[in-house]
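Enquirer: In case it's useful when we look at the structure, here is the feature table from TrEMBL:
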DOMAIN    229-431  domain 'Glycosyltransferase 2-like'
REGION    712-736  region 'Disordered'
TRANSMEM  28-44  transmembrane segment
TRANSMEM  51-69  transmembrane segment
TRANSMEM  89-110  transmembrane segment
TRANSMEM  401-423  transmembrane segment
TRANSMEM  435-453  transmembrane segment
TRANSMEM  507-526  transmembrane segment
TRANSMEM  538-560  transmembrane segment
TRANSMEM  686-711  transmembrane segment
Amino acid sequence: MRILSLFIWITSAAAIFAFVLQPVGADVQLLVSALTIGFLFVITRFNKAGPLRYIALATASIIVLRYAYWRTTSTLPPIDDLMSFIPGMLLYVAEMFCIFMFFISVFVVADPVERPRARQLSDEELPTVDVFVPSYNESAEILSLTLAAAAGMDYPSDKFTVYLLDDGGTDQKRNSSDPETAQAAIDRGQALRTLCLDLGVHYMTRAQNVHAKAGNLNAGMERTSGDLIAVFDADHAPERAFLRETVGHFSDDPDLFLVQTPHFFANPDPVERNLGTYKHMPAENEMFYTMIQKGLDRWNASFFCGSAAVLRREALDEVGGFSGITITEDCETALELHSRGWNSLYVDKPLITGLQPETFASFIGQRSRWCRGMIQILILKNPLFKQGLTLPQRLSYMSSCFFWLFPFVRTAFLVAPILFILFNLKIFNASAEDFLAYTVTYLIASEILRNYLYGQMRWPWISELYEYVQSVFLVRAIVSVIFNPRKPTFNVTDKGVSLNQRQLSNLAWPFFAIFAGLGMVLSYAIYRYQTEPALGDLIIITGAWNLLNLIIAGAALGIVTEQPNDADGISLPSARTAELEVGNQTVPVTIRQISSEKAIVELKKSMSTPLRAGDYGRLLLVDPPAHVILPSVPVFIGKPSGSDHRSFVIELDAEACHFPAIASLMLADLDLPRALRDGRQKRRSYPVALLTLIRWAIFSPFLAITAGLSSKSTSERTSRRRRPTAEKPQPVVEAA
């Protein structure tokens with residue numbers, strides 16, 4: 001059977017290549033491509049699994065290969081015209097890179113895995129787990145919820161231990177020659193020790209800040225002994241069932257080193273917030289966590305993402321702990337363990353909720369670290385030559401690493417039309433008929449397939465927008481790594497930054513310059529079209545290309561126009577039942593939204609004495625779990641949230657001892673946040689997506705200019721604990 005299958009694959013491949021190499025005219029090519037695209041469009045309307053999926057992939061591949069052959073044999077500028085040949089070859093290389101990534105990406109997601117739920121073990125069968133929460137500069141307010149949620153997970157108390165690994169209070173920092181740095185580290189250490197004592201978790205620090213996060217995790221490993229290690233970033237709070245949903249997989253496969261789960265974020269990233277898309281558009285990371293990781297899982301190449309994961313200690317011990325040669329210790333560690341024959345597994349169920357960077361500058365800083373780290377892996381530990389990997393694993397890791405070269409491609413596509421419009425360089429030799437028959441049909445087929453594979457998780461034009469705003473800064477980052485691959489250092493992403501008014505990002509000026517430059521190029525293209533009719537076709541093609549770049553650049557100005565945000569921390573939709581006690585009245589309420597600072601509650605019945613803003617009371621848990629010793633949270637009554645005066649905002653006046661109760665209210669389950677993620681995963685048609693992009697491009701420049709003229713930078717890192725300035729009324733004595 002295997003021989004027959006191999007014969008069918010070889011015969012099919014030979015037939016495809018024979019078809020690809022057939023010389024035909026532009027009219028025949030256009031007809032064949034149109035029929036092929038029509039067939040592709042029809043079959044992509046059906047089920048996205050099984051044989052039709054492979055047929056769709058093969059059909060699109062035929063058109064792509066046909067374009068690559070024509071592009072290689074018929075369009076390159078002559079070598080004796082170096083002024084055109086050199087940029088022409090650079091554009092050609094960029095296009096061939098895109099085609100290479102097309103095929104390697106198709107391979108990765110050809111057959112994504114849907115994993116069954118982990119086997120539910122009895123308490124006696126469960127392994128021991130050490131829970132690590134590494135921290136560097138995160139505040140106690142951020143850490144309180146994560147630590148309380150981790151300590152409250154549903155798991156036998158004698159079989160798991162939570163550790164805060166504090167790299168902000170190391171001996172090195174406490175003994176710094178800078179008195180302010182030393183005192184800050186001492187104060188931080190004292191505050192976090194107290195916090196850990198209140199929450200029943202263990203505080204750990206180390207002597208020196210070496211090897212960044214990987215070194216911090218390894219220092220924790222040296223002083224612990226659990227069979228498994230769960231890792232949560234400082235702002236990643238786990239659902240109560242996290243360990244129950246992951247640990248059982250390890251009992252089924254003794255060679256399993258990793259169970260990775262998705263990262264779900266409770267706040268929008270700067271692109272989503274500044275464009276206002278968070279509630280209805282799939283998040284940028286959902287394509288990776290909903291499709292690509294499941295595709296990688298098929299090839300045993302799903303990798304560690306730094307948090308929301310469980311790892312086997314035995315496997316980590318085999319490779320000396322978490323790897324720290326690059327600044328992406330997560331992927332690097334997975335690469336090492338895969339090369340040793342260990343297996344990984346991906347569970348596509350969000351079991352944590354965390355925070356994204358609030359400002360565009362911190363977003364770029366985060367992506368720069370990811371980019372530089374993956375390029376380091378490509379250079380220092382190239383998966384293609386890594387001993388011990390299977391061929392699918394090599395291709396999968398190469399796909400993950402090569403993806404981060406997109407800034408070069410985006411730059412080439414930005415500059416290419418300008419070279420013809422301004423300098424008349426003929427870097428792409430093709431008639432309008434050939435361009436339509438080959439290039440346009442290739443683009444259409446590629447987009448149909450991309451929408452088929454990823455349309456629910458990534459709307460049209462969103463990838464182009466995200467990649468453009470990153471490319472402006474990542475080209476330099478990549479070049480720096482290429483010349484000195486061991487130089488990059490780990491930078492922690494700032495979280496908890498509030499913006500009090502609309503303002504321009506401090507990284508905005510290059511986007512204004514590019515937008516203005518593209519606008520002037522378009523004006524010159526219009527002038528040339530009117531004065532050089534003989535080049536009309538080429539000017540239309542390059543002018544339209546430049547116009548698309550201009551539209552993307554215009555929309556990007558909306559991204560660098562920071563909208564106000566209130567750093568409330570993790571805030572989640574809820575349907576939990578609780579009780580609100582104010583004075584001598586206690587009424588049942590439904591919690592509609594809750595964070596560690598405030599909540600929106602809906603009264604289930606009226607109170608004899610109406611609530612007033614400033615009233616002091618308690619939010620009481622109903623049927624609290626056994627680990628919650630203090631099942632209530634002090635609150636201040638705020639303003640009504642609706643016109644019926646049955647919903648109110650309440651301010652939580654929480655101390656550390658109240659966070660187990662808050663974590664129980666917020667993270668007993670994440671069904672509603674998961675429903676939010678699933679509800680956003682809806683396709684958007686190309687015309688509607690294009691109109692949305694054009695709308696952003698029209699209005700964003702005006703918003704950016706007015707923001708730049710009317711505001712000053714007011715971003716600040718805020719404490720998440722807000723206390724009323726008025727004297728607090730005497731609270732009712734709380735029962736334990």
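Each Cβ is built from the backbone N, Cα and C atoms, and glycine gets one as well.
Since the structure is predicted, the reported quantities are computational estimates derived from the model, not experimental observations.
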Enquirer: If you count every Cβ pair below 8 Å, which range out of 51-69, 538-560, 686-711 shares the most with the transmembrane segment (28-44)?
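Expert: Per the Cβ count, the answer is 51-69.
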Enquirer: Take every residue in the domain 'Glycosyltransferase 2-like' (229-431), average their pLDDT values, and give the whole-number result.
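Expert: Here the predicted model's pLDDT, averaged over the domain 'Glycosyltransferase 2-like' (229-431), is 96.
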Enquirer: Would you say the transmembrane segment (435-453) and the transmembrane segment (507-526) are in contact under the rule of three or more C-beta pairs closer than 8 Å, pairs 6 or more apart in sequence?
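Expert: Stretch pair does not touch.
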Enquirer: Hey, which bits of the same chain come close to the transmembrane segment (401-423), Cβ under 8 Å, at least six residues off its ends?
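Expert: Apart from its flanks, the transmembrane segment (401-423) reaches 83, 87, 90-91, 93-94, 97-98, 100-101, 104, 370-371, 374-375, 377-378, 383, 467-468, 470-471, 474-475, 478, 514, 518, 521, 524-525, 528, 538-539, 542-543, 545-546, 549.
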Enquirer: Other than its close neighbours in sequence, what residues sit by the transmembrane segment (435-453), given a CB gap under 8 Å and a spacing of at least six beyond its ends?
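Expert: Same-chain contacts beyond the flanks: 26-27, 29-30, 33-34, 36-37, 40-41, 44, 48, 56-57, 59-60, 63-64, 66-67, 70-71, 102, 106, 109, 291, 460, 541, 683, 686.
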